[in-house]
Structures are given as C-alpha cells and as structure tokens.
Amino acid sequence: LVHMMIIPTAPALCSSRYSLAILSCYGFFVAYALRVNLSVAMVDMLNSSSSNNVNSSVCLRHNNPPRPRHNHTASVYDWDSETQGWILGSFFYGYIITQIPGGYMARKYGAKWLLGFGILGTVIFTLLTPVAADLGAGYLIAVRVLEGIGEGVTFPAMHAMWASWAPPMERSRLLTISYAGAQLGTVVALPLSGQICFYLDWTYVFYIFGAVGILWFILWSLLVSNSPTSHRRISEVERTYITASLKNELSPTTDHIPWTSILTSVPLWAIVVAHFSYNWTFYTLLTLLPTYMNDILGFSIKQNGMLSALPYLGCWLLSMGGGQLADYLRETCLFSTVAVRKAFSIIGMMGPAVFLVAAGYTDCNYTLAVIFLTISSSLGGFSASGFNINHLDIAPSYAGILLGITNSFATIPGMVGPVIARSLTKSNTIVEWRTVFFISAGINLFGAAFYTLFGKGTVQPWAVQSLHIQ
C-alpha cells in the first residue's frame, strides 16, 4: 500500500481512462435503453379493442387530460396477458446464459470486441423487432432471447476491462461513471419511447434507439483498447500510473483460472448474496411499479413517462455522487476499502428496504407513495460503490468471471421475483402489496447483513498466486 501512495497520479481531464468511462457509460445507456423500450412500446403494439381493460383502482383514479391520437400505420396484435408476460420476460432467459462465459471469454480473448459485438448484436436484433413481431409472438420471444444473450456479456466484459484500466484508488469513480449509463438509459428511454410512440409509431422506438447503438459501436471500435499498454493515444504518464498502481494486484498468468478457490471463496459468496438480494427489490419495482401505480393508486404511469423514470433518475444521481464520495473517503480520509464498501452497501440496501415498506403504509396518499418509492430506488444508487464493484477489490485478475457468477444469481430475481409478486397480489389490495414490499425488504436486509459479516476489501491470496501454487 505504501508504494502505491508515491506513484505520481495522471490528470483525469482528457485522460484515456476517463474517456473509457464515458464511452462505456454511453454503451450501458444503449444496452438499457434497448432493454426497457419494449415495455413502453408494448402498450401501442396491442390491439386496443382486445386489451382495453381500464379497470377500477383501489384509490380514486387520477384522470389525465385526453391527448389527441395521431394516425398510426403500424401493426397491432392480439396477445393475451400470458403471451405479453413471456415476451417481456424472455430477455432474461438469454441474459443469464452468457454471464459466466462472458467473463471467461473477456479474460481469454480481450473485453473490447466481446463487449462491442455483444451490444452490436443486441442493436441488430432490436432493429429486427418490428419484423419479428409481424411474423408472430414466438419470433419476437426468440429475438428478445437473442438480445439477452448479446447483453449478457456486457457487465462481465466491462469488469474484466476495468481490471486493466482502473487504478485502485479511482475504482469507485470510474466504475460508477461507467455503469451509471444503465440508469441513464432507463431514465431517457421510458419517457422518450412514449413520445416516439405518440408522434410517430411504435416501430420507430426500435429504429431510433438502434441507430443510437450503431453510432456507439463505431466510436467504441475506433477509440477503445483492451489495456493501457495497447492504447495508441494514451500519454506515457498515464500508462505508467495505471500499470504501476496495478502491478501487485494482477495475476502473473492469464491461462490458469483457480476455479476451486473462486467457488469456495466466502468473500465472493458475500457479493453473490448481496447482489441477489438487491436485485430482488430492483426487478420487482422495475416490472411492477407501473402496475402498482395503476391498480392501487389509480394513476396510469404510461401517461406520465417522467414519473416512471423518476426513481432511476434519483438512482443515477446518487450512484454518481456516491462514487466520488467513496473514493474521497478511501484516498483522502484513509478509510479502508472494506469499510467503505460495507457502509455504502448498508445504505444502498437498508435504505430502500425501509422506504419500500413505508410506501405500503401511505394508503391513498399518492404524493407520499411516489416520494417514498423514489427515495427507495434512489438510495439503491449507493450500492454501486458497495458490493457492486467489490469483485475488483478481491480479485481484479478474475473480476469478469466473478461478476459473471454473481450476475447469474442476480438475474434469477428478474425471472421469479415479479411472478411471485403477481401471485401474491391476485386481489390487488393494499394489504397484499404490503406483503410484496415486506418480502423484498426482508431479502434486502438479509443480503446487507450477510455482506457486512463476510465481505472483504483486499486482494485474496488465490487471486495473485501463480500457476504452480494452485
């Protein structure tokens, strides 16, 4: 640690590492915009005469002023609610497949092209979405599964890339800028997709975001390198700074992977439990918040895209601010890495749990319910500087593989959480929804406690051992 302190730092402004952070932020913006745009477009894809089930809500319904309809020429479909559910959920079935292979391939073949082609594949299938929908629901489900397969490599590949690019004392800052694109994509795509559907038609949602994705791929191909040593435009000062700061953290061999040590590592399982727990609440809200707003509070979130984006805007702001604060505490205040990771995980998991339960007791106070749900999602942004990047602290050489493992487990809540929540809310009462919120909060608290007990902040011995020791 002492020798790290005397390495001369390279300026952040116009640096290659911060350029990588901004470009990868743009990449995750594209990935998440392509992930959530279908849920908005779906409203216009359905035959309104067969899906016009304007049901009564528990609370008094908020009536929005009617908006004139434009003449749309796009096709509409007669899909029942079960088919809609399969279409919206199919993404995750592809997404879970490529998590661990993504981490392995990024380590073996380099992260740049794996990440680039992963998102490009998603872009191409997004552009094919209108054609697939015309062919039938089965084709659309297949296209969404293929999109998920493409996006599955993104987080493990990016973690593997940051293992070579992020100086230890700048990890929180660089990674939160990078991954904040996910929230930003959600914030922009939700309201913008609604506007595109209204002024053009639903097919343009996929064409416009697809074009934005192609532009990203061109920039990524031209401007990014796998490591500082292979980068053509990096300054010598920055190259030396990054490689010197990582010298004692990276494994001397790239071929050997200590699978036994990885799978029996308690600090890794602490991240797995935290990641799974956090995502249970995150995915439950992501998929069911519009339903809760509509069926309980009597406000159709489809009519107010900005309101649906508000929780993710808060999450984005706090994850960015949290990244700056986390590195300040480590670098300037000399707090240990593990203390910072645990503190931010506790705030980012217990905070959302408390406000989620509180939202269940607001009854029909619509304003208070929206405020509590927004605070709940926003506080989750702190976990971006907690367990979410801890893989790089405990095993930077294998960070992509570790993230692949934790993200595989963390995808399961996206597949089962909303299904369980819907089965518990058959009558759509406030009491039933309270049960859903309590379950999510309980899982979050358990995850925070487990991570606090077993999380670590230093490189594990097995992560720097050479081939002959394992």
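Just so you know, glycine gets a Cβ as well, placed from its N, Cα and C.
Caution: TrEMBL annotation is automatic and unverified by curators.
Per TrEMBL, the features are:
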DOMAIN    19-459  domain 'Major facilitator superfamily (MFS) profile'
TRANSMEM  20-43  transmembrane segment
TRANSMEM  86-106  transmembrane segment
TRANSMEM  113-133  transmembrane segment
TRANSMEM  204-224  transmembrane segment
TRANSMEM  268-289  transmembrane segment
TRANSMEM  309-329  transmembrane segment
TRANSMEM  341-361  transmembrane segment
TRANSMEM  367-389  transmembrane segment
TRANSMEM  401-421  transmembrane segment
TRANSMEM  433-454  transmembrane segment
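In summary, the transmembrane segment (309-329) does not lie against the transmembrane segment (204-224): fewer than three C-beta pairs, each 6 or more positions apart in sequence, are under 8 Å. Using a Cβ-Cβ cut-off under 8 Å and counting only residues 6 or more beyond its ends in the same chain, the transmembrane segment (86-106) has close neighbours at 35, 38-39, 42, 79, 114-115, 118, 137, 140-142, 144-157, 159-161, 257, 287, 398-405, 407-408, 411-412, 414-415, 418. Residues 36, 39, 88, 262, 301, 308, 311, 345, 348-349, 352-353, 356, 373, 376-377, 380, 383, 386-388, 390-391, 394-395, 402, 405-407, 409-414, 417-418, 421-422, 436, 440-441, 443-444, 446-448, 450-451, 453-456 of the same chain lie 6+ residues outside the transmembrane segment (268-289) yet bring a C-beta within less than 8 angstroms of a C-beta in it. Taking the domain 'Major facilitator superfamily (MFS) profile' (19-459) as a whole, pLDDT averages 89 in the prediction. By the Cβ criterion (distance under 8 Å, sequence gap of 6 or more), the transmembrane segment (341-361) is not counted as touching the transmembrane segment (113-133), fewer than 3 such pairs being found.
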